[in-house]
Amino acid sequence: ELDEAEDREERGMWANQAEFLLSCIGYCVGLGNVWRFPYLAYDNGGGSFIIPYLIMLTFCGIPLFMIELALGQFSGYGVITAWRASPIFKGIGYGMMVVSFLVAIYYNVIIAWSLFYMFASFQSVLPWTSSCGKDWNVNSCVQTNDPIYTTTYLPDEINGTFASNITKVKRISSSEEYWRNRVLRINKSEGIGDPGTVLWDLVLCLLLAWLIVFFCLIKGVKSSGKVVYFTATFPYIILIILLVRGCTLDGARRGIVFYVTPKWDKLRTAKVWKDAATQIFYSLGTSFGGLLTFASYNKFRNNIYRDTLIVAIGNCATSVFAGFVIFSVIGHMAYKLNLNVEDVVNQGPGLAFIIYPEAVSLLPAPQLWSILFFFMLLTLGLDSQFAMVETVITGFMDEFPKLLRPYKTLFTAGICTVCFLMGILMVTEGGLYWFELYNWYSAYYGLLINSLILSIVAAWGYGDVFCSDIKMMIGFNPNWYFRINWMFITPGLLLFVIIYSGINSVPISVGGYVYPKWADDLGLCMSVTCVALIPIYMVYRIIR
């Protein structure tokens, strides 16, 4: 016991229980809530997405959340070394690290976009609010006060008169034009095979994002634990202000009704269930290893049962709350542009960088609120990014302590540098296509299968010993809800989603662009990598 206490002290520990709870909240309540959840809800018909999302939360998210916290806190080690509990399955830990590594590469690109918008907000007029006619606008950009139809008169060759020709013009807001043609410059790329030139302004933002991550993680939880007091609470203030303003806008009701009204036919598609399942993992961070890593810095007797319910339910409530914020503004944009809610913007990850900028521009002193909002996005992203990068670093540090612990700063710098260099491809003119490939596949089949194996091993491999270990920490056994889910419901539901998604899989697409087969195959290889490590390590362990 003394040796274990000394080892925990050497690794570092949370200064108090509040730091752990806030770090978990900051990790879970991230860009997945205010960026990924709204665009998936928009893409899957609004209320049709919330139903499978809540089902996956109840029967997959919360049970898996408890497993990770229990493994981390009881062992006091990172994602690899914690699997001393069932050594042949240590490949699960390596798989978690691969998922966190891949997601961290593209996740910091979102933070780079947030930095770009924050710096652009210091101008006297917000660039995405100005009227059409800028360098990045094209003919499809229509100002709000223009008519939805334009009438042109063509000469009638037979009668010598003029006949009218009515052409419908689809309105595109200047904020969408700014996002696509100024920030991303995706209009200059023909697809994933044509990355184009490097966008150096975004590269500098990406470099700054990785420097921030490095300096905040340089001392591990001793430094990141202090940062979360601000980063975990500040976003709620901004979201509440935006919701109040959004609900007072003309047409807000249309967006909110779209958000809460299910389209029942959508529930028959595999996509909505796959998206709901992966979003639960993105929101809660389960099977990424971040929760296990954070819990490993806990005191042994910390009440993880209470923490599981507080963080999991609070996190998903934040996702739903952020949905009301963004859909109130979408409703207002539909009202201004005279369009249906589902036709306001192109569906995709840029939704938050079109709708939220539009929302802050409607507040008094828009420059101030824009700076505060994108600073909020920065803090949301950094909390989650800290956890994913820390998962990779701690995993290696605990597995090879004598080799790496004396050089933690250098090793952290190396990880950040590699991720930065790999992320440069996503800040080119065709970078959004590569970003979507990472977003679609880095935590898709591999993450779901990894979660399935995790739940089976914890319930049937670790089994009764797992429950008695939890009792040793918190003083009582997990109740029937956790036991039944761990043993039957969670693995069964995950297996259903994996098979159903596989049978009904469709090629990845962005807008009207369908990815070529080689890109799909590359994405599948990326997704399967984290699972392939499990049998590979099994064979290695048996041979040894």
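Backbone N, Cα and C atoms are what each Cβ position is placed from, and that goes for glycine too.
Remember, predicted model here, so these are calculated numbers, not experimental data.
If you look up TrEMBL, you'll see GLY26, VAL29, ASN33, SER283, ASN315, LEU380, ASP383, SER384 marked as Na(+) binding site. Positions annotated as disulfide bond by TrEMBL: CYS132-CYS141. What TrEMBL records for 20-38, 50-71, 92-120, 198-218, 227-244, 280-297, 309-335, 368-389, 410-435, 441-463, 484-503, 523-543 is transmembrane segment.
For VAL29 (Na(+) binding site), the count of additional Cβ atoms within 10 Å of its Cβ stands at 29 [all protein chains shown]. The list of residues near the transmembrane segment (227-244) in space but at least 6 beyond its ends in sequence, with Cβ under 8 angstroms from a Cβ of it, reads 19, 22-23, 25-26, 29, 34, 216, 318, 321-322, 324-325, 328-329, 356, 359-360, 363, 369, 372-373, 376, 379-380, 382-383, 386. Sequence-distant contacts of the transmembrane segment (50-71) (same chain, six or more residues past either end, CB-CB distance under 8 Å): 41, 82, 85, 260, 262, 267, 272-273, 276-277, 279-281, 283-284, 286-287, 289, 291-292, 295, 304-305, 307-309, 311-313, 316, 319-320, 323, 451, 454-455, 458, 466, 469-470, 473, 478, 482, 485-486, 489-490, 493-494. The transmembrane segment (441-463) is in contact with the transmembrane segment (523-543), judged by 3+ CB-CB distances under 8 Å for residue pairs 6 or more apart in sequence. Sequence-distant contacts of the transmembrane segment (410-435) (same chain, at least 6 residues past either end, Cβ-Cβ under 8 Å): 101, 104-106, 108-109, 112, 184-186, 188-192, 194-199, 202-203, 205-207, 210-211, 213-214, 217-218, 349-350, 389, 392-393, 396-397, 404, 510, 513, 515, 519. Residues 108-109, 111-113, 115-116, 119, 183-185, 224, 227, 382, 385-386, 389-390, 393, 409, 412-413, 416-417, 419-420, 423-424, 427-429, 431 of the same chain lie 6+ residues outside the transmembrane segment (198-218) yet bring a C-beta within less than 8 angstroms of a C-beta in it. Neighbours of the Na(+) site: apart from GLY26, VAL29, ASN33, SER283, ASN315, LEU380, ASP383, SER384, residues of the same chain with C-beta atoms within 8 angstroms of the site's C-beta centroid are ILE25, TYR27, CYS28, GLY30, LEU31, GLY32, THR318. With a 10 A radius on its CB, SER384 (Na(+) binding site) counts 27 other CB atoms from all the protein chains.
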